[in-house]
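Copied from TrEMBL, the annotated features are:
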- 49, 50, 51, 52, 53, 54: ATP binding site (BINDING)
- 44-222: domain 'tRNA(Ile)-lysidine/2-thiocytidine synthase N-terminal' (DOMAIN)
- 279-350: domain 'tRNA(Ile)-lysidine synthase substrate-binding' (DOMAIN)
Ligand SMILES: Nc1ncnc2c1ncn2[C@@H]1O[C@H](COP(=O)(O)OP(=O)(O)OP(=O)(O)O)[C@@H](O)[C@H]1O
């Protein structure tokens, strides 16, 4: 990189009479047409390294804009990686060139964590994303030779259909709440065409000889492998780029199919964004084997920028196929954004983030509140490490919770026959306390799913609570402050709730406790 040089042409405004290159113009304008609707009303930036390709793209945009063939003129963004002393000179050079063309150009400083190309690329995208606005479009000068190198690189790494479809010409990139578009209109044009155009225009582009040093995989493929492949087929570059395009279409079909399968097989009620995703194994196994693999691949990486390895998909599939009731085995996956544990409990497959598992181990606080306070009861049950779990007793103007609690209590009393709670709740409210406590393993609980009260292991089995959720069960009870009698009303987990005090045979009473008491779980920082 230190040996970069500037083409020995002076910086001059591009003459209005300079001819545009037909092939390059056609590719750009075709892409504008294809993405016309999405481009409408968006600001377009052009990532300009000052190298031949991005300087040529900037020059072509300018020419077509002046000829009123392009409806916008992109603003240039140059990133100074600060990796070598001369990088300031390159930034100054790009800026001066842009000034000569009367194009807007901003130089951004990046802090690169490491010295390799990948670290520089990550830092570059990060700093450009931070500069542009939500929904803006970033033009990149990648071309067919870049595409062919990318595909070959991925091929020798053993990529699947997605990887082999190479770079996308229009890619929405999401980072947190922000999204931008990466736009590559030149993926079908060859480097030689760009070089010829740049030379015709006498563009003073920056030459980076390290690109052709052959000392890393990409430049090795460029210098040693591509020329050899061209001896077998002179159209090697276009052909590989075309294969990538075909595979990209195939990938879109596969993704649509996997998304449809996911809608059928996902346990949406148990999902919590990247914290917990759940797949129903029975629904998975209905599918043919190749779709099972595809679905697992899609499910594992649904919110991750990088795909899971084939090995992980195979191991996950094997986990779903076990029938030895082993609930301890877990697989680990270090994604780009999070570390995940893949576990199975009965016929459900879980993808749990490390942060979520840590949150599930935080203690739950005990809360008590006299009913006479007439205010809604909404204690925070657990908070920290990114999530807040809060109880909600919905109160409307007529103090609805009490009348609904009365209804609930009536049902409980039928089942329990407890006299301490048989008086009208409004009269009794002075001595009643609403309480939320973590479930004690020894506590015996009567649910509608069993004929008698259960405690510990049996209860977890009856309610199908996976091991990692067992410390996250809370009992909501009414306590008679005078007699200390406790009447459990509801058992809640972060995802479900169960009415307590009913035997199997009493289930005809249709109680919907969630209209009275529910809990919410939200990301929290
Ligand atoms: N320092 C930079 N500042 C802004 N954009 C950049 C920078 N480096 C690369 N890019 C953008 O990323 C694209 C691909 O990067 P790559 O490393 O292949 O570029 P390059 O070979 O350095 O330059 P060029 O593609 O302009 O000849 C470039 O075409 C350009 O749009």
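Heads up, the Cβ atoms here are built off N, Cα and C, so glycines get one too.
If you average pLDDT over the domain 'tRNA(Ile)-lysidine synthase substrate-binding' (279-350) in this model, you get 94.
Remark: secondary structure over the domain 'tRNA(Ile)-lysidine synthase substrate-binding' (279-350) totals 29 helix, 17 strand, 26 coil, with classes taken from DSSP.
Among the binding-site residues 50, 51, 52, 53, 54, the residues whose Cβ sits under 6 Å from any atom of ligand 1 are 51, 52, 53, 54. The candidate set comprises the binding-site residues 50, 51. Of these, 50 has the most other Cβ atoms within 10 Å. Remark: residue 52 (ATP binding site) has 194, 195, 198, 203, 205, 207 as non-local neighbours, by Cβ distance under 8 Å and separation of at least 6 in sequence. In the structure shown, the C-beta of 54 has more C-beta neighbours within 10 angstroms than that of any other entry among the binding-site residues 49, 54. Taking a C-beta cut-off of under 8 Å and a sequence gap of six or more, residue 53 (ATP binding site) has these contacts in its own chain: 141, 142, 143, 186, 191, 194. Using the Cβ center of 49, 50, 51, 52, 53, 54 for ATP, the list of other same-chain residues with Cβ within 8 Å runs, in sequence order, 48, 55, 56, 141, 205, 206.
Taken residue by residue with DSSP, residue 49 (ATP binding site) is part of neither helix nor strand, so it is coil.
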